[in-house]
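One structure is given here, and the rest of the page talks about it.
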């Protein structure tokens, strides 16, 4: 099988490519250039596309004895991932750019280009497993290493893309085992640190990145009774559940901490309140992607709402709005704090991914949009 190995310049993708070679595939390495920003190209940059990353990817390919290319996908990346990140924050939502990158770049632009060139699949260093179910249909499962599992950010792929993907690290027990294997193979990236920053925010300052693109937009901070208790430089910079950075001039009358409970970008207003207002049980997700049969009746499952969050017991089903659009509805067994629109909600049956959607509404707003939720118990 002809396999295109995505080489980021890190240890995971290098070992994944090595394992693809070991499996007997005809492997070609490719490094994706995703930015034309000088700050991200500089040596030592923590974002994507640094000179060091490209050089490390090339050295890994040399050690493995595979051809290596750099593909410029910066236009696609900017027009989809970065643009979505900015527009979502501008709309008062909290996006996950890694999900969008997997959806639009790694398993879309990269995969499509590879297929057009005669490749059969793309191999990446993601921690997840693909198993074959009934009639050979691919299933996405959690990785053996629960601490590194990335099925949450891969659930957006869809079954057709999943069938063209390889995750050679899915069964590896620990990241230490990956590093040891890299060292044994003579890969220079064996001790290279992991990257946890948003890749296109080179200095790690997300708020500064947003300000530089969206500008200063002064507005009021209100309490839940509508009283002005502070000011901000842009509602887009806040997310539900946030406490840090509010800079309120005086404490609440009851002395309790205040958190962001709503972001109203139409009026450029941030609303703050006590922690208990953050607890919700109902979630409505839009644009669902299913990797299993859609549940048209209430079904027991677990859901995950953050990249490294816990698996939360819930009941899920699909619902249809007045316009005929399908949604994923979920009722959590226990209330959850700080869930914001724009985040991804992923449903699981054990280790298997059932489906994914983008959070559109929570709590009573979710019930108002999906009345079916009202029949599953009390609403938080």
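Backbone N, Cα and C define each Cβ position, glycine as well.
Residues or ranges marked as active site, nucleophile by Swiss-Prot: 101. Residues or ranges marked as active site, cysteine persulfide intermediate by Swiss-Prot on the basis of sequence analysis: 199. According to Swiss-Prot, the feature ATP binding site maps to 6, 7, 8, 9, 10, 11, 12, 13, 32, 125. Look at Swiss-Prot and you will find 101-199 tagged as disulfide bond. Among the features that Swiss-Prot reports, site 'Interaction with tRNA' is placed at 126, 343.
Projection of Swiss-Prot feature records onto the structure.
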residue: 6; record: ATP binding site; Cβ within 10 Å: 24
residue: 8; record: ATP binding site; Cβ within 10 Å: 25
residue: 10; record: ATP binding site; Cβ within 10 Å: 20
residue: 12; record: ATP binding site; Cβ within 10 Å: 24
residue: 32; record: ATP binding site; Cβ within 10 Å: 25
residue: 101; record: active site, nucleophile; Cβ within 10 Å: 26
residue: 126; record: site 'Interaction with tRNA'; Cβ within 10 Å: 25
residue: 199; record: active site, cysteine persulfide intermediate; Cβ within 10 Å: 22
residue: 343; record: site 'Interaction with tRNA'; Cβ within 10 Å: 23
Distance from residue 12 (ATP binding site) back to the residue listed as 'active site, cysteine persulfide intermediate', taken between C-alpha atoms, in Å: 16
Site extent for ATP, whole Å (max Cα pair distance, 6, 7, 8, 9, 10, 11, 12, 13, 32, 125): 16
Rounded distance in angstrom between the Cα atoms of residue 343 (site 'Interaction with tRNA') and residue 10 (ATP binding site): 26
Whole-number Å value for how far residue 32 (ATP binding site) lies from residue 126 (site 'Interaction with tRNA') (Cα to Cα): 15
Alpha-carbon spacing, residue 6 (ATP binding site) to residue 101 (active site, nucleophile), which is rounded to whole Å: 13
Rounded to the nearest Å - Cα separation of residue 101 (active site, nucleophile) and residue 32 (ATP binding site): 12
